[in-house]
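Marked as S-adenosyl-L-methionine binding site by Swiss-Prot: Glu64, Glu89, Asp116, Asp138. Annotated active site per Swiss-Prot: Asp138, in sequence order, evidence recorded as similarity to another entry. Residues annotated as substrate binding site in Swiss-Prot: Lys142, Asp174, Thr212, Arg213, Tyr214, Glu215.
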Amino acid sequence: MPEKPTEDARFYGRRKGKPLRATRQRLLDTMLPALTLPLAGLGEGERLDPRGLFPRPVDQLWLEIGFGGGEHLVAQAAAHPEVGLIGSEVFAYGVGKALSQIDETGVDNIRLWPEDVRQVLPALPDGCLQRLFVLFPDPWPKRRHARRRMIQPARLDDFARLLADGGELRVASDDMGYVRWTLMHVTAHPAFRWTAQGPTDWRERPADWVETRYEAKALQAGRKPAYLIFRRRPRAADPGTLAEAPAGEGADNNP
């Protein structure tokens, strides 16, 4: 059984870095308020209605946690105008960069949360997501920092609640320790199935997977990322069957 570290409720990571350009600061001041999720207006126990977040009806709702500079988020929004995307990122520089791309491309199917994503997850209704992305998160490589990693048993419970049956959890990392951690915890969770059938399924970027800035840096440094796709099992499935179902590819092909 994978270890279950107690989750650290505090936030760790940078919120601010080098000073923002004047144009990006202007976007933070003027554009961000209109795109920010309206969590402040929710009562206790109340949840957002995804249908009311976007200017037109959307067929699916996707969430990206820690979108970095927004390359993947904005590219997916442009490629899938029928999908509503929510992006969460606490680093002000990344939020400003994403706003610049949103402004340049004119996409209108993105909503943002520039704070801790743990404030968003309880406000979303059950089964509302068809895809959930955790791409190149901080690996927190030291053992004593394991509680700070995004992939945790309690967080996977949140993801399982939010993903619709058959929905996808997509995780990417160039840190093999984090990849093994992810596989250990996600495949141990009864709600998820790893979709890989062979090593090429996780060693090669899927065709619809947009390269991020962090991924490009990893490749330039000679680090080979892993691309993991997990599928949300049907809620109506027999629990005994879930426990016995294969997690994905054979052990010989694992990272």
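We count from 1, first residue shown onward.
Cβ coordinates come from backbone N, Cα and C, glycine included.
Taking the features listed in Swiss-Prot, we show where each one sits on the structure.
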| residue | record | contacts (Cβ under 8 Å, 6+ apart) |
| --- | --- | --- |
| Glu64 | S-adenosyl-L-methionine binding site | His72, Leu73, Gln76, Leu85, Ile86, Gly87, Ser88, Leu132, Phe133, Leu135 |
| Glu89 | S-adenosyl-L-methionine binding site | Gly66, Phe67, Gly68, Gly70, Val95, Ala98, Leu112, Trp113, Pro114 |
| Lys142 | substrate binding site | none |
| Asp174 | substrate binding site | Phe136, Tyr214, Glu215, Ala218, Arg223, Lys224, Pro225, Ala226 |
| Thr212 | substrate binding site | Gly68, Gly69, Glu71, His72, Leu135, Phe136 |
| Arg213 | substrate binding site | Gly68, Gly69, Glu71 |
Going by DSSP, give the three-state secondary structure for Glu64 (S-adenosyl-L-methionine binding site).
strand
Densest Cβ neighbourhood among Asp116, Asp138, Glu215 (binding-site residues), 10 Å radius
Glu215
Please give the greatest C-alpha separation between any two of the substrate-binding residues Lys142, Asp174, Thr212, Arg213, Tyr214, Glu215, in angstrom, as a whole number.
24
Maximum Cα-Cα separation (Å), residues Glu64, Glu89, Asp116, Asp138 listed as binding S-adenosyl-L-methionine:
14
